[in-house]
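Report on one structure; see the data block that follows.
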Amino acid sequence: MKRIAIYGKGGIGKSTIVSNMAAAYSSEHRVLVIGCDPKADTTRTLYGERLPTVLDVLKENREPDVSEVIHTGFGGVRCVESGGPEPGVGCAGRGVIVAMNLLERLGVFREDIDVVIYDVLGDVVCGGFAVPLREDFADEVYIVTSGEYMSLYAANNIARGIRKLKGKLGGVICNCRGIRDEVEIVSEFASRIGSRLIGAVPRSNLVQESELEARTVIERFPESEQASVYRKLAEDIYRNTEFTVPEPMDQEEFEEFFRKFRVEG
């Protein structure tokens, strides 16, 4: 079983990448996607609408069965959303802890699954959001970032969390926002933390068009160049055998790194 965790700053596009990777894998593999973000929107484009979260289900039934928490979407992809508390109430990562405990109790990870993908909020790699790594639910990690300051800042913090948890970083994914020298910036960042750029996803209007219909690009525009990018990324990650324990930059190193590109630009 291939067990992949995708981390990144909130709003960076993790869910889009995860859902399209899952759709790409579904043609040849049995896939489970677990959304570990309080927004609970990872699987919307796979299932066609928002799912009830594990926390929502548990409010109604303390002993749910598998069919209440796992829903089958596009290509047979099995979808789960951990959920989170109402804004301002409780720990945002609590849903991940509760969801993982329930899924394990229900024997989900013993089923006939080839690929598990976790979509994890990574502004802070602590508490519940560290569960996929800390509790050994995921074998490899990928960081999604753009070339923007705050996204890279979060990515560096994620690298710090991965190192602390002794996780295996498989690479950095550039989800492009269209800024100057973006792929070069992210590639250099990946190198600085002892990793590599494993893929770059260009900005495309097809993403928004697909998401307006609650579908992935793979489903809505299967012959598009954008769909090909997602398929290649999925394949490169599936075949990846190069992993490192990252070496995050300290604050001064990070500021110098980012300033270098702004000065050169």
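Glycine too: its Cβ is placed from the backbone N, Cα and C atoms.
According to Swiss-Prot, the feature ATP binding site maps to G8, K9, G10, G11, I12, G13, K14, S15. K9 (ATP binding site) falls within neither a helix nor a strand when secondary structure is assigned with DSSP, and so counts as coil. Using a 10 Å radius centred on the Cβ of K9 (ATP binding site) and all shown protein chains, the other Cβ atoms total 23.
According to Swiss-Prot, the feature [4Fe-4S] cluster binding site maps to C91, C126.
Sequence annotations record features per position, and here Swiss-Prot assigns ADP-ribosylarginine to R94 based on similarity to another entry. Counted within 10 Å of its Cβ, the other Cβ atoms near R94 (ADP-ribosylarginine) come to 17, all protein chains included.
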*Which is it, of G8, G10, G11, G13: the one of these binding-site residues whose Cβ has the most other Cβ atoms within 10 Å?*
G8
*Taking only the Cα atoms, work out how far G10 (ATP binding site) lies from R94 (ADP-ribosylarginine), in Å, as a whole number.*
17
*How many Å lie between the Cα of G13 (ATP binding site) and the Cα of R94 (ADP-ribosylarginine)?*
22
*asked:* Quiz question: given the binding-site residues I12, K14, S15, which has the greatest number of C-beta atoms lying within 10 angstroms of its own C-beta?
replied: K14
*Between I12 (ATP binding site) and R94 (ADP-ribosylarginine), what is the CA-CA distance rounded to a whole number of Å?*
22
